[in-house]
Amino acid sequence: MDFLNSSDQNLTSEELLHRMPSKILVSLTLSGLALMTTTINSLVIAAIIVTRKLHHPANYLICSLAVTDFLVAVLVMPFSIVYIVRESWIMGQVLCDIWLSVDIICCTCSILHLSAIALDRYRAITDAVEYARKRTPKQAGIMITIVWIISVFISMPPLFWRHQGTSRDDECIIKHDHIVSTIYSTFGAFYIPLVLILILYYKIYKAAKTLYHKRQASRIAKEELNGQVLLESGEKSIKMVSTTYVPEKSLSDPSTDFDKIHNTVKSPRCKLRHEKSWRRQKISGTRERKAATTLGLILGAFVICWLPFFVKELVVNVCEKCKISEEMANFLAWLGYLNSLINPLIYTIFNEDFKKAFQKLVRCQY
């Protein structure tokens with residue numbers, strides 16, 4: 001069969017020749033994204049499987065997310081590329097039904113995995129002691145199973161409604177002619193998980209911030225107490241040497257180097273304690289900023305990738321007069337698919353164990 005679809009038959013040779021470079025460029029770009037998504041998610045899955053240090057219930061959720069995103073890259077993206085380049089569906093309605101089913105289920109499952117990971121992290125930081133006992137591989141398996149079951153229940157009704165209307169043989173889309181079906185699918189697959197993720201990560205950030213401040217206050221109090229004990233026990237050994245005469249006005253002179261003057265109130269030990277305290281406060285602040293950055297990247301990537309698509313789905317299918325070009329619809333769909341490439345990067349790039357595991361895999365040292 002000719003590479004160009006039937007709609008191209010009415011075009012002149014010059015028009016076909018003019019459109020060919022853009023189609024090749026689109027095909028290569030999307031194929032590159034699909035290949036990158038497949039490779040990166042494969043690395044995450046392999047790293048968790050072969051690295052014993054990564055055999056942790058929290059990482060099982062990340063592994064399941066990587067499997068879901070891998071399926072998007074292997075089973076969804078290639079068919080979408082062919083559909084976009086040819087501008088018509090040529091693989092029959094049976095394969096269309098299978099493709100749409102896998103597309104909706106996997107994308108919904110990927111989004112729900114993000115909710116499950118957020119819930120897991122929230123419980124781990126707010127109920128650390130009790131949840132550490134409950135956080136077992138079995139519990140992670142139950143969460144993963146529930147996520148897949150919910151994804152299927154959310155995805156099936158839109159596919160059912162699709163067969164209630166008439167579909168052309170050269171198209172493979174879901175027309176949400178029923179407002180109930182549109183609201184059910186969009187809210188179940190995105191809007192409700194979005195609200196849940198926003199609430200959970202806000203609470204995680206607040207809890208982490210409070211925890212950092214409590215630890216910081218506890219360390220400072222402990223160091224102050226240790227400093228007092230050191231002063232009392234070492235009072236006799238501290239020499240108050242005054243070999244240099246310093247006038248009173250020099251105390252306010254910024255050029256005076258107080259570190260070299262021996263007749264100061266603080267002992268070297270107290271100064272060392274103060275410096276350690278300051279360094280720990282700095283480390284605590286750095287960790288807090290790192291946590292905020294990580295959460296910001298997770299939420300930002302999720303919202304940027306999926307919000308435009310689901311806004312389009314809701315508006316276009318509820319508002320009869322609202323139309324969108326096929327090119328824009330394809331762009332928004334692939335913007336959502338892009339989240340499957342970003343997910344493994346965000347959830348592993350800040351983890352040193354994952355970095356080391358990736359290096360071993362690349363060097364074949366596993």
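Note: Cβ is positioned from N, Cα and C throughout, glycine not excepted.
Note that the coordinates shown come from a computational prediction; the quantities given were computed from them, not determined experimentally.
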TODO: Would you confirm whether, in Swiss-Prot, HIS18 and ASP170 belong to the same side of the membrane?
DONE: yes
Open item on the list: From the disulfide entries in Swiss-Prot, identify which of CYS63, CYS96, CYS106, CYS270 pairs with CYS172.
Closed with: CYS96
- [ ] For the transmembrane segment (328-350), could you work out the same-chain residues 6 or more beyond its ends whose Cβ comes under 8 Å from its Cβ atoms?
- [x] 30, 33, 36-37, 40-41, 43-44, 47, 62, 65-66, 68-69, 72-73, 76-77, 80, 84, 107, 110, 114, 117, 290, 294, 297-298, 301-302, 304-306, 308-309, 312, 358
TODO: Compare 25-49, 60-81, 179-202 by their Cβ pairs under 8 Å to the transmembrane segment (140-159) and return the stretch that comes out on top.
DONE: 179-202
TODO: Take every residue in the topological domain 'Extracellular' (82-96), average their pLDDT values, and give the whole-number result.
DONE: 89
